[in-house]
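Each remark here refers to the structure printed beneath this line.
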Amino acid sequence: MGEHPSPGPAVAACAEAERIEELEPEAEEQLPAAPEDFDPGNTGYISTGKFRTLLESHSSKLDPHKREVLLALADSHADGQICYHDFISLMSNKRSNSFRQAILQGNRRLSSKALLEEKGLSLSQRLIRHVAYETLPREIDRKWYYDSYTCCPPPWFMITVTLLEVAFFLYNGVSLGQFVLQVTHPRYLKNSLVYHPQLRAQAWRYLTYIFMHAGIEHLGLNVVLQLLVGVPLEMVHGATRIGLVYVAGVVAGSLAVSVADMTAPVVGSSGGVYALVSAHLANIVMNWSGMKCQFKLLRMAVALICMSMEFGRAVWLRFHPSAYPPCPHPSFVAHLGGVAVGITLGVVVLRNYEQRLQDQSLWWIFVAMYTVFVLFAVFWNIFAYTLLDLKLPPPP
C-alpha cells in the first residue's frame, strides 16, 4: 500500500493516551475483529472502501449511534485510510466518549502534544490542566476536557454546601459561646438540624445534620477535603453527578447510624465527604498507570492518614463520657456509610466520564443495592426500635 501518512491529531492523541483495549465479546460478535480479515498486509490501516463495505454488510447488527460514529470516522479521513486501532477503540464499550466526540466534531482538533508539554498557558489554563491530571486517567479525556471546559456553570454545589456549613457553624459557635468541641455543650443537641434517634420520624434530619459539626476540628478537615477533592471532581463530572454521590453518602451515613448505632445522634458532613474521597482514591488505584497526578502515592498516604485521624477522633468522641447523659455523643458510623457509597456508586460515576450512567450495568446494580439498603433502613426505623424494646435517650 506504500508509505502511509501519519494519522490525524485525534488519532495521535488516542495512541498516546493508553494501550488499545480489547474488544468486548458483544462487539466481537457484531463485526470481525481480526486484522487479517481486512488488513492482510498487517499495516495497521484499513481502506475506507473496505471499511464502508464492512459497515453496510453488518449495519443491521450495530447500534445506530455507533454506526453514525463509524461513518463519521470514515468521512473524516480524506487520505482514504483508517487507523485500525481507532476502529477498535470506537467498537469497545470500555472507551470513553471523548474520542467519539472529537471525530463527530471533526473541525475541532485536539493537540497532538501531551497537555504537560503545552507552553505559555495562563493561570486559569494551568488550573484546568491541573484538574484534568488530578481526576482523569486517559490523556484523550484530559485533552478533551481541557479543550471544552468553560467554567460555566462553575462548581457551585460543593462551594455552596461548604459556605452553608461554615455559616451554620459560626452561628452555633456564637449562640453557644463555644467553637472547639461544640458537641460537648449541653444545649448542642437542641438544634433542629441534628439527627436524634428519638426524633427520627422528622425525615429532614437524615440530611440536615451535615450543617452541624462537633467542633472546629471536625469542620476544618471536612471543609478542606470538600474543597480539595470535591471541587475538582465537580469541575470535571458536573454538579449533578457529584451532588448525587455526596447526598447519597450523607443519607447512607445517617441511615447506617440508625441501624448500627441506634441510640446515638449524628452530626457533620463526613458521610458525603468520605463518599467523594473514597471514590476518588479508589478510582486512582483502579487506574494507577493512567493517573498522572504528581506524588500520587504520597498524597494518597496523606489523605488516608487524615481520614484515619478524623475517624479515630469520631470513635474517641463517641465513647467519651457524654455531656448530656444518657444520650451518647454523635456516632462515627456515618463515615462508614459514606465509604460504602464511594466505593460503589461513586466509583461508577468517576470511571464513566462523558458516558451515560444509565447505559452502565454496574450503575444499576449499585443503585438497586442502595435502594434495597434505604428500604431496609426505613422499615428498620419503623419496626425494629419497638420490636427490640430499645431504651432510647430522651429527646433533647
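Cβ coordinates are placed from backbone N, Cα and C, and glycine is handled just like the others.
Curation plays no part in TrEMBL annotations; they are all automatic predictions.
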Looking at 151-170, 331-350, which stretch does TrEMBL describe as transmembrane segment?
331-350
Across all chains shown, how many C-beta atoms besides its own are within 10 angstroms of the C-beta of HIS335 (active site)?
25
Determine the mean pLDDT over the domain 'Peptidase S54 rhomboid' (201-351), rounding to the nearest whole number.
93
In sequence order, which residues at least six apart in the same chain have a CB under 8 Å from the CB of SER270 (active site, nucleophile)?
HIS218, ASN222, GLY253, GLU310, ALA314, ALA334, HIS335, GLY338
Within the same chain, where does the transmembrane segment (242-260) have neighbours whose Cβ lies under 8 angstroms from its own Cβ atoms, ignoring anything closer than 6 residues to its ends? I mean 6 or more beyond.
157-158, 161, 195, 197, 200, 205-207, 209-210, 230, 233-234, 266, 269-276, 279, 331, 333-338, 340-342, 345-346, 349, 370, 373-374, 376-378, 380-381, 384
